[in-house]
Amino acid sequence: MLLFWIFIQSLLLKVDVVDLLPLTEGKQGVPELVPSIISESSAVSTEIQNEVLIKAQEYLNHFYGETRSFKRMGNPMEEKIRAMQEFFGLNVTGKIDNETIKVIQQPRCGVPDVQRFSLFASKPKWQKNTITYRIINYTPDITQAEVNYAISRALKLWSDVTPLNFLQIYSGDADIMISFGSKGANIFLVAAHEFGHSLGLEHSKDATALMYPTTSLDRPIDPTTFRLSADDIAGIQALYGARDPNVPKPKPNPTKPPMKPQPKPTLPPKKPTKAPLNPVVPRKCDRTLEFDAVTSMRGDLLFFKDGIIWRKSSRLRDVEAIAINSVWPNLDRVDAAYEVPERDIVYLFKGRQHWAVSGGRMLWGYPRDISEFGFPSSVTKIDAAMYLNDEKKAIFFVGDKYWSYDRSKFRMDPKSPKKIKDKFPGINKKVGSAFKNYDYLYFANGPNQLEYNNRRQRVLRTFPNYSWLNCS
């Protein structure tokens with residue numbers, strides 16, 4: 001079955017000129033960009049030109065990156081700028097001017113404007129007219145009834161002009177799976193746009209179209225009167241045809257789901273205790289140093305100890321110490337952490353609560369209970385966590401066992417938990433911290449790190465924790 005996942009929180013992205021934790025590219029650092037691509041008329045100061053270039057490259061690589069035509073160009077960055085300017089109807093100069101910067105900073109959909117290499121010879125589309133959808137979880141921002149109404153109205157936009165019918169189910173796998181994250185988006189408008197992608201539409205160059213990549217969420221939107229533009233209708237009917245006015249729509253399914261499949265309500269998390277204002281910085285070169293947690297974040301490494309983060313970056317000569325509560329208030333320590341690089345999200349765990357961070361900023365709606373991952377009430381604390389991007393699985397360590405969470409299916413593997421040594425031979429003890437760095441895994445329990453080759457299934461070497469912090 002073809003599944004299409006929609007995660008409402010991540011649909012709209014906003015690229016800021018300067019983030020709390022700036023983007024890096026690992027050991028190689030950020031590729032140096034040619035300063036000439038910044039227009040001389042741009043109001044960007046010399047001090048932040050590099051930040052603008054970094055953000056522009058991040059934006060262009062994501063939304064206009066790695067197509068066959070760009071690969072043939074002599075100056076692919078300049079050509080990406082031209083493609084972006086042409087798409088948004090700007091003056092095509094190939095340089096980053098003020099108007100280009102304004103567009104880059106607008107909230108927008110996370111789907112690229114220029115499609116990358118595709119295995120499909122034609123645009124993908126559903127080969128059936130009845131498409132099921134399921135709402136996996138609800139946003140705390142509005143009531144469930146309001147969410148259901150917004151989703152049904154968003155789908156109605158497309159079913160009114162095509163032969164498609166949408167059927168809500170409450171358990172099992174649906175054709176379209178809907179999940180909500182943080183606050184900050186007009187659910188009706190964002191969902192309607194993303195449903196367009198799920199039906200096979202790409203972005204439109206028509207600024208009046210629903211499928212235009214940027215939008216102003218400040219303007220009031222009435223779901224009862226909102227209509228698709230002529231461009232939206234032409235695009236969707238090119239794929240599915242028009243609805244026959246003589247064929248009635250099927251009767252809607254009940255608005256209330258059956259009782260059995262309905263998940264138990266999640267109790268609101270307890271209010272976190274207030275973090276100490278000035279945590280004591282541990283001695284980083286102490287031979288007995290043990291990390292609470294370690295994770296990557298945009299190419300940097302973050303080492304957590306008590307109320308402190310040590311940040312190791314290829315752009316910085318020294319390892320800097322940062323108080324956790326100066327970055328994320330109300331969070332005084334971290335038990336476990338891992339990054340999902342393809343989504344640019346870091347998950348932090350403390351007790352039975354977890355938080356999600358993107359670009360250094362805490363996402364709205366957190367903390368949440370770890371029961372969302374499928375942990376039973378008997379698990380009161382996660383010792384360590386890591387993300388294996390080749391398997392698309394998050395690995396959680398609890399005692400001498402590990403739990404495997406499948407991100408592609410958004411559920412815990414049915415056979416979890418298992419013995420750690422069964423998956424990682426040679427790791428025979430409880431894991432206190434774990435992370436992946438390039439091709440190797442790193443485990444710690446106590447003051448020493450074990451460097452692990454996952455393909456060969458063996459420990460390569462052991463060294464002190466403090467070696468990561470430029471201590472010898």
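Yeah, the Cβs are placed from backbone N, Cα and C, and that goes for glycine too.
All TrEMBL annotations are machine predictions without curation.
Small disclaimer: the values here were computed from a predicted structure and weren't measured.
As recorded in TrEMBL:
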type: ACT_SITE; residues: Glu194; note: active site
type: BINDING; residues: Asp141; note: Ca(2+) 1 binding site
type: BINDING; residues: Asp292, Asp335; note: Ca(2+) 4 binding site
type: MOD_RES; residues: Tyr366; note: phosphotyrosine
type: MOTIF; residues: 107-114; note: motif 'Cysteine switch'
type: SIGNAL; residues: 1-20; note: signal peptide
Give me the mean pLDDT over the motif 'Cysteine switch' (107-114), rounded to a whole number. 63
Just to verify: the residue among Glu194, Asp335 with the fewest other Cβ atoms within 10 Å, which of the recorded positions is it? Asp335
Per DSSP (helix/strand/coil reduction), the residue listed as 'active site' sits in helix
Expressed in Å to no decimal places, the gap between the Cα atoms of Tyr366 (phosphotyrosine) and the residue listed as 'active site' is 24
